[in-house]
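First comes the structure, then the notes that go with it.
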């Protein structure tokens, strides 16, 4: 049987292949239509052995949220969505603290339509589109909620599971399905108790009475049914609604049943007899969800049609207490906190969960927005564009009023595409109304327009007209995108591109003949455009990604995810990527382990040593083929299929608990280390970004066996952010712990290890490649840091390599000086200052020493100092590690790997420039602009908050001052970039003047 669901012009429930809600106003209730069947997923053969599946993890949901529930202590919220993930949110921080995953596949395979947490919080039941390979039925996953272990599968339904509820005594579970049946399960025995038959349509609502003796089910057949749990017999058929039943809630106090429907009404029924009591309310919109307050005095209703307002009703009077108007699309997930104070509602365009006051509808006060709106950093893409010269692609995430196809919202950010002169840029904001190429529905005498049609009343028909005469009409159905949500002519007018629902993106000839599909998006394609030269197609989707395609071959060249936190990542289908320093935490791979096992998830950040390849991304766009770029690249042998057998280290912190206040300055952190198929090579321990790994841990031999290990970690006074990383040949894993300590610090200020390198004169480079101030910059910084460092550090171990003084900065001398940094201890600080030329060769970055040599017309790579050598020198020591770098004096000299790998090693970086500009020297300043600004700041201008006349300059103060001054002096032609460690940043005193 095909699944059905309620539309009324927009998707109330998530069984449609285009699973994202539609912005259009719904038709009247009388025009209720039967929804189209979803596209059947592909085969299920050996899904457990399938290659790892690339996934976006934006920290929040990215598809329709179907259920939310509070834990009994009110500390956490659990949510489930069409994106195939269960999330557990810490309500103190507003962040996801863990996820539960199961087997997924293409299309609908693994979508979660229903979730329930047992009152004793032992079990979490998850249902949805979860077919069993080789069988016709769908199963329910039963997880041990505290551990996340998938304990068993409950098998019995022949179609997707749409609703779940536990009995108040936690002994029973009831499930409703698209097979028109409900099943009562004995959870202790983990087997079916009764099958409840009688409904004639999908069952979207189930619940238990407070005494755990009766079950109520609600169906799209417009009725509810009341059943006896002990025998499974029908007590009563509850009729009165005139449209589909979408939700049920039962008062925990008197057992009254409340039902919500597409007829806009909320009705009350006797929970013992099933007798109709009254209509509580008519909210004027589809009732998307219902939740009673713990005291039974209030009822919250969600919404399935515009306007998207949620409501709080007084029970039993039906008086409306609150109308909550902050959501912008359907809300079919609601819950009330155990203390009755807070309401959680999940939905809207950007898949947010709002936490608001039950009494007045205000968002939770005196907390950050992150704690009021639980969400990830992603958002639907509503606009895309190309600059007219083809150098930039652009996108926008916001909509405007009066939505129209091809004009949903403005462009907001741009990304420079790589060329022979410049590498891939970084996302930057663009000014409003810049003249970018958008979708074109007109070309000469030809026009494109859409109209309603097809089986479901969507904008299913695209008319191609010449001089207002229809030449062809393209009609879409359930199997090819449902409707036309964005469309454009190509620049030569010969091809038409149309985006539709469920990720469909298709090219057609001007006569309407299909050319082929661009395969990659998983959600509605809301925006398309083509570059002026006709090489590239750009598309944006509600799946929160922007995709760049080769227009002719239809190959996906690049996929972009851009977070609201400023982090970003782009990748090709092989998984190779480029990103901001922390952007690769937002994508990764799910590893299926079978339908009866919880799945693993490995972030790209954990596999950066294998897949962080900006050079491949650059080549893919230049060549117009990711496949060709990959074939030409070196060191791409790592096989993702290894992850089905071998993983990065797996371990967790047993004690102490995060957030604990401790009284000892050296705290024993106990780790539980799982058995690993690949030996763990080393552990690294950081406190507030400073490496404090104990000597015996650094000298530890590789091991694979399961055991516990205790690491003694010194603390600073106040907040302590502890990060522990483990590495093996596959990748890196990390865990974090936050502790409060009020005693005397155990990490005192130690020695300063200072290495300054400045190169202006190059023996074998052309005259125009010589620099004026690099050596002078190094001399000045070195002298100032030595002078100021004496006031802050116990001792100073300083080395200067410069054309003007100190040691000559040859390759050999630089390499010798780097080795000295390995002596730094946990209390010490190491600073490297670099000024001169850097260059990229392939994927690697190099510092050009004074004596660099040529081999033919090219610089000999063997005569350079690699970034890896510089990084290894800093990493070889302990303590805090800082890199001040000014080596991008020419185009294409910036290498993002430097920032990326520094962040992964908790090296703090302040760079003179980013990927989109070069470092400048100004004659009138007598220094490079970056170093001039550093010197001014360190001499006192950066001491912005010296309230106690301590004359201490923090790193944040210096960073802020230098950034502003550099931009001011260069008219924004040069912009600095700073990067802290991957675990975050704790401010510290950098120098004392």
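Each Cβ is built from the backbone N, Cα and C atoms, and glycine gets one as well.
Note that TrEMBL annotation is computational and uncurated.
The signal peptide annotation in TrEMBL covers 1-19.
The annotation region 'Disordered' is assigned in TrEMBL to 22-46.
Averaged over the repeat 'WD' (58-99), the predicted model has a pLDDT of 96. Look at TrEMBL and you will find 58-99 (among others) tagged as repeat 'WD'.
Annotation comment: TrEMBL describes 154-195 (among others) as repeat 'WD'.
Beyond its flanks by at least six residues, the repeat 'WD' (196-237) meets 3-6, 13, 162-169, 171-172, 174-178, 180-184, 243-253, 255, 257, 259, 261, 269, 271-275 of its own chain at Cβ-Cβ distances under 8 Å. What TrEMBL records for 196-237 (among others) is repeat 'WD'.
Away from its own ends, the repeat 'WD' (238-279) comes close to residues 6, 8, 12-13, 29, 32, 168, 201, 204-211, 214, 216-226, 285-292, 294-296, 299, 301-302, 304, 313, 315-316, 318, 332 of its chain (Cβ-Cβ under 8 Å, at least six residues beyond either end). According to TrEMBL, the repeat 'WD' annotation covers 238-279 (among others).
Residues annotated as repeat 'WD' in TrEMBL: 518-559 (among others). As a summary of secondary structure, the repeat 'WD' (518-559) carries 0 helix, 21 strand, 21 coil according to DSSP.
Per TrEMBL, the feature domain 'Peptidase C14 caspase' maps to 756-943.
Here the repeat 'WD' (518-559) has Cβ contacts under 8 Å with residues 18-20, 56, 58, 62-63, 349, 378-386, 388-390, 393, 395, 406, 408, 437-439, 485-488, 490-492, 495, 497-507, 570-573, 617, 620-621, 624-627 of the same chain, all six or more residues outside its ends.
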